[in-house]
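Residues or ranges marked as domain 'Cadherin' in TrEMBL: 6-105, 106-214, 215-322, 323-427, 428-544, 589-690. Annotation source TrEMBL lists region 'Disordered' at 1-20. Here TrEMBL flags 709-731 as transmembrane segment.
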Amino acid sequence: GQVRCSVPDEARSGTGVGRLPQELGLGAGDAEARRVRVVWQGRRAGVEVSGASGALVVSSRLDREELCGKSAPCSLRLELLQERPLRVFHVELDVTDINDNAPLFPVNEEAFNIAESSLPGSRFPLEGASDADIGANAQLSYTLSPSEYFRLHHQRNDDQSDSMALVLTKPLDRETVPVHRLVLTATDGGRPSLTGTMELAISVMDANDNAPQFNQSVYRIKVLEGSEIGTPLITLSATDLDEGSNSDVMYLFSRRVATQVREMFSIDENKGEIRLQGKLDYEEMDNYEITIEARDKGTPPLSGHCKVLLEVLDVNDNAPEVWVTSLSVPVSEDASVGTVVALLSVSDRDSGANGRVQCSVWPTSPFSLESRFLGSYSLVLREALDRERVSEYEVEVRAEDGGKPTLRARRSVRVPVSDVNDNAPAFSQAVYTVLARENNAAGAELARVWARDPDEAGNGRVSYSLWEGVSGASVSVGGWRPASSYVSVDAESGRVWAVQALDYEELQVLQFEVRAVDAGEPPLVGNATVQVFVVDENDNAPMLLPSVGGGPGLVPPLSPAVGGVAGTSLETMSGPDSETLWAWAAWGAPAGQVVAKIRAVDADSGYNAWLRYEVLEPRGKGPFRVGLYSGEVSTARALEEPDGRRQRLVIVVRDQGEPSRSATATLSVSLVEGGEKALAVAGSSSLPGLLLPAEGGAAAGSASASTNVWLVVAICAVSSVFVLALVLYGASRW
């Protein structure tokens, strides 16, 4: 609210003003703790806030006449600004007048020349006294020392000005009394009253006994401020009933006219025309009182007087003024709606509609202006702030008055927005897909993850870590292992690097989560999933599998063939680079008869595990051949005695990798008769790995061919998935 208090004129330093501590709820010492200070609007006076008591006290001499002149009442507007917390109290301080100024005449002695021919009742204007006080203290009454020739006539005009004249009561006789000395006393209405005096020296002159007379005693005119220099204001006219030179009138300013009036106006001595010769400013002075004397050229000269009361009319020549009295910046981006950002004072030196000011703010959001007292505005927050969207506002407060034409003023207020940790780090991708070749070096970089936090300083500084809560992988040996045993994440750069070499045969897919944490309070977290697909390399050579009977790589037929045409006996000899296998076949076996089957596997996958079987020796067309993908050793033609009793085959097993890896097996096939075959079977039954010939060789061959078809389908499917993964990875990186 607004507090009104008063202080007497000329109050001593230290005098308390009003009961502000009680009205504003301030205790002892609160004013200093809350940083309460005085903010002036307009005229300043010597008052301040006592830090000890919180009271408003006089700090230096208060002179109401110096502060307000003749204005009544003398009201000073000020604001008490409390910064902790931010509050503002509006105080209107009335300086009450005391009777400390005595009436003062313009001069101590006034000399008059009065013709002895003057008739009783003649009036001679007198200059009144002035009192710097106001009200009753400035109400003056006049008395004249006793005289049988003169009396005092005093009249109060409608405009509160005084008209005073010395009235002749009886004819003068210069020879009897050539000079009359009287004392004019002015007494004010104060308690106690003060007085001022002026001595009147009246010389009685002969001859010219008619003074010029104006047709009006008071002239009133109105002039716009800012009128051009040389503008005619009024033409006065006075008449003198005398003749000759005694009736010739000249016009001039009275001797008591103030210097500023003489500088502002000029008068034509012959015509009585008053012109403007200075620049009128309503804000400096809104009215002038000009006393004009019409003097004849008689001997002695006689004078007539009148007053010209000039009122200056206001025009809209002063733009509004805007001051920032308090500014609380930066503003936190989580500040609540209604937070006061700045206090502003607005004024316009013009009056009336020309001085009525309207204020607005641009841009219209997120701030607005609130006004609860005339000329005082608060810049408040009306919408939530977001520093990541706008980090600083340049707010323009616009003021315009109600004059025609309208005058405007602007004041810019810079409002920076301070950051709070309201944004979690966000990764550029929710899922990172990485292809890594097996057997990579420990410490090799696998990928880089990056998270952005739009906050600033520590709130936007991101560190990365591997989240052990859900990260890990199932491996072929040892079950589940944590992801940290395979990879690590650099906290600063987000670089993902391998802790150890990856082995496709142990681990095909590693999935883990990377956590990004900012340095704000409280810290905010973002997550991303990283999928590492291990790409197989051809690092495993084919390996021959043991047969059912215990020898490596040889699978004989499952039952005897009709007529005893083929069979196997198993004997294994292992060398460093190959395996030696033994089998048998009967003479007369037809072409296509399966003799044995080489079984091998490759720990790699895809093309690296796709095996081909070839006869390395003997070269050329021999009696035996091997299935390209099945590994079945069969007769290429009917076996005959010229083929010998034993055939030695060197079979190589190669994968499709780059470079290709291989393994070799040596198969020794014994050719026997039907009886010998039975003996061989009987004799070999005690040997490990001996299997009887398969019944239905064609059925066995069909089952083997079916297995090969499914192997080809599986290899194609795996290859397609691999190519699709490469395409998706390339597209995501692009």
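Every residue, even glycine, has its Cβ placed from backbone N, Cα and C.
For the domain 'Cadherin' (428-544), the number of residues in each DSSP class (helix H, G, I; strand E, B; coil) is 7 helix, 61 strand, 49 coil.
Within its own chain, the transmembrane segment (709-731) is flanked in space by residues 433-435, 533, 535, 605-607, 609-610, 629, which lie at least six positions past its ends and keep a Cβ under 8 Å from the stretch. Note: the domain 'Cadherin' (106-214) comprises 4 helix, 52 strand, 53 coil (DSSP; helix = H, G, I, strand = E, B). Averaged across the domain 'Cadherin' (323-427), the predicted model reaches a pLDDT of 91.
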